[in-house]
Amino acid sequence: MEIGTPLFEGAKKLLWLGGGELGKEMVIEAQRMGVETVVIDRYDLAPAMHVAHRKYVVNMHDGGAIESIIRKERPDAVIAEIEAINTETLSKIEMDGIKVMPNARAVKICMDRIELRRFAAEKVKVPTTAYGFATSPEEVKKMCKDVGYPCIIKPQMSSSGHGHEVIYDESQVEEKFKEALTHARGKSKTVIVEEYVKIDRELTVLTYRYPLSSGGVATKTIYPVEHQRPQGVYHYIESWHPATVSQDVISKASEYATKVVNELGGFGIFGVEIMIAGNRVLFNEVAPRPHDTGLVTLVSSDISEFQVHVRSALGLPTPDVKVVTPAAAHVILASGEKWAPKYINVDKALEIPGVQVRLFGKPVTYNERRMGIVLATGNSVEEAKEKVRKASALILVS
């Protein structure tokens, strides 16, 4: 393979649909490899736009606009960084010979909880919580009786835990159904109703596929990342690497992740979410891209999840990824709305040995928006976790 020079004829070019913090890290990895980079997002000054060669600001559901930009740029691959995109456009450009990462079908399945649950539980046959689907409060009541109270409902499409509602008894059904749908993406009025389990541990199995020079495909897993969310919080807060669970759990989680990812196909890295509840190891969801909990691999691994995805997009191999040190990551969250925020006490956070701070450069804050992340290495996972908790508590967003 030849890699040309950016902005000249023969350059390799990658285009991202979505320019958040995950996209930013991927663009940086692509820049390190001499790749021309293009980012599309719904708002200007998105994090990945700061480091890309070119940017476009469009409605991410406007299939015509997205398609026209992709046809103009003719990238070597299109990388879906977010799920809130027009999947019909991805299928169309893929049929016209433009590579979509990991593939258009996988993106479509992964952004739709109902399609994904049917795919995982009924086609791939990996263990999940008991579940059902509903389109009205009456149907939710029936499903809740089937799976048992308490149960949890989620919109068919949403991200970062938005719209996840726990129902403890029948009197809450109408209110929780309405609340779930207020966070739904698109026009769907369908929810998934799931058995509520007490989660003891949560893992992300970063699983990736790349083409072999012999013509085959290799599927590999990185030693799992562990993460936790406080009770009632459904978005990412903290992760650490390597996971501190038994080898039996690691084996089952890796087996389920490999099955799901091989059935989805394509190339690149997938973040497969696994829940551990008592002696049950359960598939939860999968992201068809680098995972937010995998930000910790920026310091824990010899090759980050972002570099793995970029390599696969270019058709390059990643034979192995090794965990080189215990590490942890903790988010920096905003409170309230503000334009052009400032960050206080970064210097104090960096006085802690082994700590790094990554500020994403988002132009606007809103309550609980992820604005940065603290990373730390240590002699143990517990030491690294203590460092990131202390450092993240010092940093204020104002």
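Using the three backbone atoms N, Cα and C, a Cβ is placed for every residue, glycine included.
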Given that Swiss-Prot annotates LYS154, GLU194, GLU195, TYR196, VAL197, GLU202 as ATP-binding, name the residue from ARG113, ARG118, ARG185 that shares the site.
ARG113
Report the candidate from LYS13, LYS362 that shares the N(1)-(5-phospho-beta-D-ribosyl)glycinamide site with GLU21, LEU22, GLU81, ASP292, ARG369, ARG370, as recorded in Swiss-Prot.
LYS362
Taking every residue in the domain 'ATP-grasp' (118-314), what is their average pLDDT?
94
Proximal residue to GLU21 (N(1)-(5-phospho-beta-D-ribosyl)glycinamide binding site) among binding-site residues GLU194, GLU195, VAL197, GLU285 (C-alpha distance):
GLU285
Taking residues ARG113, LYS154, GLU194, GLU195, TYR196, VAL197, GLU202, which bind ATP in the record, the widest Cα spacing (Å, whole number):
18
Of all the binding-site residues given, namely GLU194, GLU195, TYR196, GLU202, GLU285, which is spatially nearest to GLU81 (N(1)-(5-phospho-beta-D-ribosyl)glycinamide binding site) at the Cα level?
GLU285
